[in-house]
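Visitor: Below is one structure. I have some questions about it.
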Amino acid sequence: MRTPLIAGNWKMHLAPTEARKYAIRLRVRLADVRGRDILVFPPFTALPAVIEELGRSGIACGGQNLHWEKQGAFTGEISAPFLADLGCSHVLVGHSERRHIFGETDEDCGRKTRAALDAGLTPILCVGETLEQREADATRQVIERQLAAGLKPVQEDEKFVLAYEPVWAIGTGRTASPEQADEVHRHIRAWLGSRFTPDLAARVRILYGGSVKPENVDDLMKLPDLDGVLVGGAALNADSFDRIVRFLP
Ligand code: PEP
């Protein structure tokens, strides 16, 4: 019922010229893939080239961040309508690098989620605990807080995606074990059922992110409440990303 979603976050990698070449490689390599949604998040400056190359390939494109205002005196920021105007369909909200390096708050995430929805974009709200929080047994509490704030302005009939990304697993080579991921994904779905309705909980896709690679994707994708992956480092290599997209069910 939930189509698997495989998303690649290119972070601050690939200038427009390289990004265009990489998009062409992905378009060609992934042309035969069916039954899974594919999405890439290039840096802002590469979006026009990547969107142009991906065209009608079926691979969608999104922004890595946005500002919650539509326009105004916010030097250096990009708004949701700007991303939509380029042809983006999705946008990341609250990636841990935005929260931890750039000081984004839970409240900022709620504003960004609302702005994305108002512009017709699907937000992917990222949540996840630090190692310290996990060791203090605060994982559930942290995630519930991030979900409550990030989804505060969201209505039952609106479309969004969630990504569970334990901070200690991002870019570290350390992946959550299937058991650890399973526990949190189940908890998030149960939380959705009580905050919204069981119907919404059954239809929202919950991705896992944190050092996903060809070697661990198959085991992760077997988990019943895990509907896809958000991939950083391994999304920058066509062989790895291709293998991840072709995870074995
Ligand atoms: C990410 O950037 O969202 C991510 C999960 O990175 P990595 O796969 O490199 O851990």
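Any Cβ shown, glycine's included, is placed from N, Cα and C.
Below, the features straight out of TrEMBL:
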ACT_SITE  HIS95  active site, electrophile
ACT_SITE  GLU165  active site, proton acceptor
BINDING   ASN9, TRP10, LYS11, GLY171, SER211, GLY232, GLY233  substrate binding site
Visitor: Work out how many Å separate the residue listed as 'active site, electrophile' and GLY233 (substrate binding site) at their Cα atoms, rounded off.
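Guide: The residue listed as 'active site, electrophile' to GLY233 (substrate binding site), Cα-Cα distance: 14 Å.
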Visitor: Per residue, counting other C-beta atoms within 10 angstroms of the C-beta, which of the recorded positions GLU165, SER211 reaches the highest number?
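Guide: Answer returned by the neighbour count: GLU165.
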Visitor: Just report the maximum Cα pair distance in Å for the recorded substrate binders ASN9, TRP10, LYS11, GLY171, SER211, GLY232, GLY233, no decimals.
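Guide: Looking at ASN9, TRP10, LYS11, GLY171, SER211, GLY232, GLY233 as a set, their Cα atoms extend up to 14 Å apart.
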Visitor: Among the recorded positions listed here, LYS11, HIS95, whose Cβ has the fewest other Cβ atoms inside 10 Å?
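Guide: Among the recorded positions LYS11, HIS95, the lowest count of other Cβ atoms within 10 Å belongs to LYS11.
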Visitor: Out of GLY232, GLY233, which of the binding-site residues is least crowded by other Cβ atoms within 10 Å?
Guide: GLY233
Visitor: Sorry to bug you, but what's the C-alpha spacing from GLU165 (active site, proton acceptor) to GLY232 (substrate binding site), rounded to the closest Å?
Guide: 11
Visitor: Among all the protein chains here, how many other CB atoms are within 10 A of the CB of GLY171 (substrate binding site)?
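Guide: Counting Cβ neighbours of GLY171 (substrate binding site) within 10 Å gives 13.
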Visitor: In the same chain, outside ASN9, TRP10, LYS11, GLY171, SER211, GLY232, GLY233, whose C-beta lies within 8 angstroms of the Cβ mean position for the substrate site?
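Guide: Surrounding the site, in chain order, are ILE170, VAL231, ALA234, ALA235, LEU236.
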Visitor: Using all protein chains shown, find which of the binding-site residues ASN9, TRP10 scores highest when you count other CB atoms within 10 A of its CB.
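Guide: Most Cβ neighbours within 10 Å: ASN9.
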